[in-house]
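> Here it is: the structure, laid out below.
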Amino acid sequence: MEQLSDLMAGFGAALTPMNMLWLLIGAVLGTAVGVLPGLGSAMAVALLLPVTFSLDPTGALIMFAGVYYGGLFGDSIAGILLNTPGNAAAIAGSFEGHRMARHGRAAKALAASALGAFSGGLIATTLVVFFSPYIVRLAALFGPAEYFALAFFAFIAISWVVAESFLKGIGSLAIGLFIALVGIDSTSGTARFTLGIPQLFDGISIIVVTVGLLALGEVFFIASRIHRDKRQIRILDSGRPWLRLSEFRQALPAWLRGTAIGVPFGAIPAGGAEVPTFLAYTTERKLAARRNDPEFGSTGSIRGVAGPEAAGNATAGSAMGALLAIGLPTSATAAIMLAAFRQYGMQPGPLLFERSADIVWALLASLFLGLLVLLALNLPFAPLWAKLLRLPSSSLYAGISVLAVLGVYSISGSMFDLAVLLGLGVLGFLMRRFDMPLAPVLIGVILGPLAETEFRRSISVGQGDAWFFVSSPLTIALYGLLVVGAIVITALSLRNRASAARSLTDDARLAASGDPQEGKAVAEAVPAAPGSQVEDPREHPDAKDHSSSKKPSDTPGN
């Protein structure tokens with residue numbers, strides 16, 4: 001097959017000493033930011049954008065790929081050993097993982113997590129390699145109406161999924177679209193929202209936007225919440241991180257189920273890995289109830305760790321395929337990866353496989369190599385990574401702020417860019433403070449110009465006929481998916497509210513009858529803030545599920 005020969009050529013490029021060094025650096029950085037609460041792959045890639053501006057595109061993108069996968073490997077370590085997951089996507093796996101650690105099986109939990117992340121990423125990346133050329137051929141059929149529908153789909157879907165309320169998601173999207181509009185209109189030559197400032201005529205750099213919102217915004221947010229905590233972090237002993245054959249047989253079906261859940265979620269704008277990881281956890285919990293698994297919910301089940309971890313990395317793998325083949329970022333990290341491609345003058349999509357095939361296949365080959373490197377870094381050294389949590393927060397975030405400022409200044413040498421960076425940092429802080437998601441802002445900034453251009457082209461080609469926007473099966477399918485998704489999410493939300501109301505009524509009735517134990521409410525499985533102690537959503541595996549429609553909290557690592 002042609003894909004195999006292209007992939008072998010990609011391995012030849014990726015296996016050079018310099019590119020392997022960049023891959024190792026990316027894997028180490030990705031694992032580190034995954035372990036540390038509040039950080040994530042998106043912030044790491046954003047901080048590296050200005051630093052890698054002068055690097056060879058292949059080496060820089062390979063390093064970004066290491067960070068991209070590394071964050072999902074590392075974020076579960078702190079959750080398992082300390083019950084403080086580094087990212088919202090790791091919360092689901094930490095429920096059973098930390099239980100296993102508390103009962104002396106931390107090594108088994110870490111092994112199930114690392115091998116799950118490896119298997120999910122491996123299968124998803126393999127699917128990307130073999131199916132990307134076919135997706136590219138499909139994407140080649142896209143016209144202006146299809147591209148506008150795709151951008152509109154991404155806008156609405158991500159705004160809906162990642163926010164606590166749809167209004168907050170749309171508000172964040174509006175901020176991103178406004179930032180994208182700043183500058184000289186390429187069609188009419190009209191200055192838009194420049195306030196007469198010459199430095200704004202070219203718009204606001206995507207690097208300044210991502211670093212300001214993600215890095216400085218997080219620094220300001222952490223600084224506002226920091227307090228002197230004298231507690232000593234106790235890292236549970238992990239032992240030998242490997243699985244016996246019987247344990248491997250238990251984990252294997254969960255890895256496959258998690259991968260099957262994660263792959264389709266990565267290909268659609270669903271906000272990242274949080275939703276599929278919780279779905280994978282819910283699936284394993286229901287199966288455990290059917291088989292009367294005594295470990296699930298008590299001493300910790302390997303399946304409860306394996307499924308969510310495989311789902312998380314499978315989502316990342318298929319998200320990379322969607323980005324490369326059709327230029328659609330389905331998460332915040334993928335959006336910043338898109339910005340990285342544009343930094344080097346490349347636009348992901350059908351033409352990327354023709355114009356920059358050598359870089360694309362080297363990147364895909366590096367994903368396979370990165371998974372092997374990350375497995376070697378995470379299996380034996382997980383407790384060492386967890387010790388990063390002992391770093392003083394003040395020193396860590398001060399270093400991040402210095403790196404952000406120096407990185408932006410090194411590109412343009414402009415004090416005005418630093419002023420914009422500071423303003424965007426304050427904006428990022430305010431959005432975090434009021435629980436407004438950052439992912440829709442990034443999607444709006446990055447896809448806004450594409451949506452505007454394709455909207456104008458559609459108006460021109462369709463000669464002003466509004467029906468042109470729904471004149472093809474692809475556009476009808478995309479808009480139809482939005483409508484169906486809105487109906488399903490609304491119905492699930494109403495069902496959960498009614499169920500919660502009934503539960504409260506029953507609790508009040510039982511409490512009035514003098515039976516406080518029976519009146520105890522069952523907690524819902526909603527993501528806690530990364531870095532905080534999390535509680536298992538169900539102490540009993542047969543408890544009724546109310547979590548399937550909950551929306552994950554947005555974090556910079558999404």
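Yeah, the Cβs are placed from backbone N, Cα and C, and that goes for glycine too.
Pasting the relevant annotations from TrEMBL:
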COMPBIAS  535-558  compositional bias 'Basic and acidic residues'
DOMAIN    20-442  domain 'DUF112'
REGION    511-558  region 'Disordered'
TRANSMEM  21-49  transmembrane segment
TRANSMEM  61-82  transmembrane segment
TRANSMEM  109-135  transmembrane segment
TRANSMEM  147-163  transmembrane segment
TRANSMEM  170-191  transmembrane segment
TRANSMEM  203-224  transmembrane segment
TRANSMEM  322-341  transmembrane segment
TRANSMEM  361-385  transmembrane segment
TRANSMEM  397-430  transmembrane segment
TRANSMEM  476-494  transmembrane segment
> The transmembrane segment (476-494) vs the transmembrane segment (170-191): three or more C-beta pairs under 8 Å (separation of 6 or more)?
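They do not touch: fewer than three Cβ pairs between the two stretches lie under 8 Å.
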> Can the transmembrane segment (397-430) be said to touch the transmembrane segment (61-82) if we require at least 3 CB pairs below 8 Å and skip pairs under 6 apart in sequence?
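By the criterion, they do not touch.
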> Under 8 Å, at least three CB pairs between the transmembrane segment (361-385) and the transmembrane segment (147-163) (pairs 6 or more apart)?
no
> Which bits of the chain, at least 6 residues beyond where the transmembrane segment (61-82) starts or stops, bring a Cβ under 8 A of a Cβ in it?
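Sequence-distant neighbours of the transmembrane segment (61-82): 14, 19, 22-37, 40-41, 44-45, 48, 52, 89-91, 93-94, 97-98, 100-101, 106, 109-110, 113-114, 117, 121, 233-236, 238, 273, 305, 309, 312-313, 316, 320, 333, 337, 340-341, 344, 359, 362-363, 366-367, 370-371, 373-374, 377-378, 382-383, 385-386, 389, 530, 534, 557.
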